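*Asks:* What follows is a single structure, and I will ask about it in a moment.
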Amino acid sequence: MGIKDWPQGEGPREKLLLDGAEQLSDAELLAVLLRVGLKGLSAVELARMMITEFGGLRSLLTASQAQVCRLDGIGPVKFAQLQAAVEIGKRISKENLKRGKILSDPDLTRDYLMRQLGDRAYEVFAILLLDSQHRVIQFVELFRGTINSASVYPRDVVGLVLEKKAAAVIVCHNHPSGIAEPSTADRRITERLKQALQTIDVSLLDHMVVGDREIVSFAERGWID
């Protein structure tokens, strides 16, 4: 039975309008984007199959076009619809953390970093530059590739901080493996950066490591002070 044949109010679109998007399952939300299913398969059933195939909604939405379009009934148009939804989420997150925003909400920072770095297939080391009142100046990706204590240069970080006249920073990087637990190398990098920033009287507020589903904060673990 297709969604159009469901009793009134039971389809995912109607459910969203009546109860709110937060009440929908992952498959139902995806079905709203897909709009239609396949012959003999409703949009919700197709969505559930897609999520199962990729092992989760996040893995599906960060997969390549070639990977997604290998699924029956999924072509470039549906892939484009999904990517547009993902990009809208990222842009909303950027607006929430736009220049001049006072960084007082840890959850907002986590959400922003997860959206920016959580789906990368390669390592990215980035820095969030703040002024003396902890207002956002800029988010900058500094290094890409295999991040270790030898590939992150404190002088480059210090140079950027001086250029942007930042008074405090949050550094962050992702683990493409999906496991956010910091390594020994991560702790070494943090200590080197902290010492380098102290020479120019700039505070290192945190180092956040982004995994697939979580972010580990050095500050929360007491590793910054």
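Just so you know, glycine gets a Cβ as well, placed from its N, Cα and C.
Straight out of Swiss-Prot:
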| type | residues | note |
| --- | --- | --- |
| BINDING | HIS173, HIS175, ASP186 | Zn(2+) binding site |
| DOMAIN | 102-224 | domain 'MPN' |
| MOTIF | 173-186 | motif 'JAMM motif' |
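What does the local environment look like for each feature on the list?
*Replies:* Neighbour density for HIS175 (Zn(2+) binding site): within 10 A of its CB lie 21 other CB atoms from the protein chains shown.
Below 8 angstroms of C-beta separation, residues 117-118, 120-126, 147-149, 207, 209-216, 218 of the same chain, each at least six residues beyond the ends of the motif 'JAMM motif' (173-186), sit close to that stretch.
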*Asks:* Can you see whether DSSP assigns HIS175 (Zn(2+) binding site) to helix, strand or coil?
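*Replies:* Once the DSSP labels are grouped into three classes, HIS175 (Zn(2+) binding site) ends up as coil.
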*Asks:* With DSSP, how much of the domain 'MPN' (102-224) is helix, how much strand and how much coil, in residues?
*Replies:* 38 helix, 36 strand, 49 coil
*Asks:* What is the total of other Cβ atoms whose distance to the Cβ of ASP186 (Zn(2+) binding site) is within 10 Å?
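*Replies:* 21, counting other Cβ atoms within 10 Å of ASP186 (Zn(2+) binding site).
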